[in-house]
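Encoded as structure tokens, the structure appears first; notes follow it.
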């Protein structure tokens, strides 16, 4: 009897807590997620309408200007062939860190740029800590210097400031001070020969333009499903976010590579700073608050490599999620107090660029799909909690379609993309909170690993010396062996999968809203990632 009474008391206590605390908190969470979903929906719809208008205008303009543009390109070619005496001095910066697999790609592509040789300086900023890799990179620079290319190899004794510190020190070099523009390429980026010819004139045509950003073209998008999913997300970023920011506000986040800066604008904004892990975005926001404009050249594409291992991708996403949130915290009042830009532009930067895209987008995905819906199944399924259908189905479906429309070749992967993004939202939300509160990992910097696994990389492999090939093969074998010995489960994903699986079974037995269909698929996705079956093996 005593045991029965204890159980009865426990049930009664849980009933009181459930109706007095849990149910109201869950309902409040649903309303909060609904508000954030509508913010995200309005932002996506606004950008979608703008992109549609821009697309129609570009179609009309192309019909009228195609012949004139061809004649202009022919004139530009003649100018270069006659020496290009009126061309400005351009500095190419290639920051790298232990990039054994890809260093030849960016150096070779930069040295092949179509620009007068006496007006081009290539600067390789090698922060490698591996002496063997340093010697390989330096030898590659000497090889190109022997062909008459003005290329400089720079290596620092420390990695102070990481990438931002390296580029800041590079601009202080005597030979760099005569350069009017500076182009930045990460180690795996391979610009086409006409990159400068198509970007620098945009800066010359308008003195108020500080930056011209090119689009990325992914050489290994078909390597695995992880790279296909990344392609879908990044295609939307470039086709919509960057395009709308350039056309409507003259502002967007610099992608850190495949862009050309006006050196004067870079200095006017305060130069490179290493206070966050997104030094590129930091510079872009400061330049924008000084009144400078940016231009997105979506028709200029630069080949690059996507991270194909889940570990590298997860570190990259931590940096890309934590850094913007931390930058918003540090620059909020600086943006508000800026007197050189309009209130409309400040609202766009703070609300649209930072709050909705860099904070709300991550938090609402994790809170709603991985917390609120499972909690609703367990607690609110008997009618005590109201979950509107537009929050659970219609708004998320439209947001998803707007995101996926830019990559039609991957529409058949849409369900996998949704499930994968929901799992990744756990890491992105955690990183966003870390950035907002500036916790211990806010300034964590892990260089994204590049494997050189592309057609472009294989094409350059034939030029490598035999001893370098042997060293690379031995290093890869050693790396694979160490990976196989240290492989294990990803605990956060496994825990997430178990929780969602429990909620799915509970909904099958006691529920009536059929959320178990989604929960079973989402738990399966978490388990697949948790067991390490996503990304190159």
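Keep in mind that glycine also has a Cβ here, set from the backbone N, Cα and C atoms.
Keep in mind that TrEMBL annotations are predicted by a computer and have not been checked by a curator.
Looking up the ranges 38-57, 58-77 in TrEMBL, the one annotated as transmembrane segment turns out to be 38-57. With a cut-off of 8 Å on Cβ pairs spaced 6 or more residues apart, the transmembrane segment (487-509) and the transmembrane segment (359-379) reach 3 or more such pairs and are scored as touching. Proximity of distant same-chain residues to the transmembrane segment (12-32), defined by a Cβ-Cβ separation under 8 Å and at least 6 residues beyond the stretch ends, is recorded for 367, 371-372, 375-376, 379-380, 384-388, 391.
Here the domain 'Glycosyltransferase 2-like' (181-378) returns a mean pLDDT of 95 for the predicted model.
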